[in-house]
Amino acid sequence: MSEDRDCVLIINNGSSSIKFAVYTLSLKIVYTGMVSGIGGEDMRLKIKDALGTTTEKPLNSHELKDAANNIIDWLESALSIAQIHAVGHRIVHGMQHMQPEIITDALISELESYSWYDPDHIVGELILIRTIATRCPGLKQVACFDTSFHASMPRIARLFPIPRHYAEAGIIRYGFHGISFTYILQKIQALITDTHVQANKMIFAHLGSGSSLVAVKEGKSIDTTMGFTPAGGCMMGTRSRDLDPGVVWHIMQHNHLSVEELNHVINHQSGLLGISGTSFDMEKLLAQEKYEDLQAGEAVDMYCYSVKKWLGALAAVLNGMDILIFTGGIGENSAEVRKRICADMGYMGIKLDGAKNERGANAYICRHKRGTDICLTHE
């Protein structure tokens with residue numbers, strides 16, 4: 001088997017896109033790609049090769065299954081399926097699964113049985129798995145669970161304060177973004193070695209359309225913001241964050257909503273979109289704020305306040321903080337959001353270097369008692 005010829009395909013299915021990459025077995029990137037606009041009117045396939053050459057084409061469909069078939073068609077023309085040694089899938093909700101697993105019929109059935117916990121991800125992941133299995137029978141597929149990073153959380157951080165029999169049925173806090181956090185941990189450990197920074201207590205802030213923070217102590221997750229589903233924790237693009245259960249009950253009862261309709265409100269109509277009334281895109285909201293769009297400005301301020309509040313809570317759990325990592329689409333790219341989150345946090349040792357913060361990049365953006373770093377992530 002040649003490490004430069006044989007490859008693996010890595011797939012990350014989102015609610016409206018599929019991101020994928022082809023690596024050699026020696027971890028050299030061969031291609032990266034994305035199908036965007038799934039479920040909309042402008043579904044497109046975009047591919048970039050190792051030299052940076054990009055090709056893009058529209059797809060005459062809006063269905064996820066057709067997106068998967070187009071990826072396979074492209075693979076057959078660019079590489080041949082015979083070169084693909086295995087396919088790795090990011091599975092958002094792993095329940096009690098703590099390690100990567102070969103995908104079997106039994107695992108598919110199990111994932112299907114709890115797909116309602118996270119319908120925005122698991123349903124699509126199963127469509128991709130089945131489409132690949134149909135088109136490429138015999139090709140090994142592997143599930144990598146986003147929740148496994150948080151298996152080290154202590155029991156008191158995992159339990160909800162509800163009757164114990166619910167915990168015995170699997171209703172506990174799992175946490176998410178684990179694949180991203182694993183990558184960040186590996187990157188920051190290399191950075192620590194180079195800079196001799198003390199980093200036993202770290203907070204990673206994955207800020208994007210889905211946002212969560214994690215407290216990492218001596219290389220292990222000890223608490224995180226998301227819980228049983230990816231809807232909890234801090235404010236997000238279209239997700240609400242943690243809600244008073246009475247609010248959920250009131251909305252459902254007084255608006256005569258079904259469970260499915262309530263799920264749509266919490267997961268698709270809330271967060272930045274719900275408060276701004278216009279968009280969940282942070283870049284657009286910051287631009288609208290400059291034109292005195294008060295609702296856009298309030299949405300941005302609420303988001304930053306929510307992250308800041310959780311940052312303080314996780315620092316308390318850690319009994320201090322040695323380093324803070326920003327990652328994810330917003331965390332990496334929005335200097336303004338980083339500035340607002342870190343404002344007035346000098347008492348915790350967080351003080352941004354304004355010039356470095358504006359430049360961004362994989363470098364320290366403060367040199368105070370604590371380190372604040374921006375790090376690219378690959379889910």
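Using the three backbone atoms N, Cα and C, a Cβ is placed for every residue, glycine included.
According to TrEMBL, the features are:
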ACT_SITE  D146  active site, proton donor/acceptor
BINDING   N12  Mg(2+) binding site
BINDING   K19, H206, L207, G208, S209, G210, G329, I330, G331, E332, N333  ATP binding site
BINDING   R90  substrate binding site
SITE      H177  site 'Transition state stabilizer'
SITE      R239  site 'Transition state stabilizer'
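There are 18 other Cβ atoms within 10 Å of the Cβ belonging to G329 (ATP binding site). Of all the recorded positions listed here (K19, R239), the one with the fewest other CB atoms within 10 A of its own CB is K19. Comparing the Cα of the residue listed as 'Mg(2+) binding site' with the Cα of every entry in K19, L207, S209, N333, these being the binding-site residues, the smallest distance points to K19. Within 10 Å (C-alpha to C-alpha) of H177 (site 'Transition state stabilizer') lie the following recorded positions from K19, D146, S209, G329, G331, N333: D146.
The record assigns K19, H206, L207, G208, S209, G210, G329, I330, G331, E332, N333 to the ATP site; their largest pairwise CA distance measures 19 Å. Over all protein chains present, the Cβ of L207 (ATP binding site) has 26 other Cβ atoms lying within 10 Å. Per Cα geometry, L207 is the residue among the binding-site residues K19, L207, G329 nearest to R239 (site 'Transition state stabilizer').
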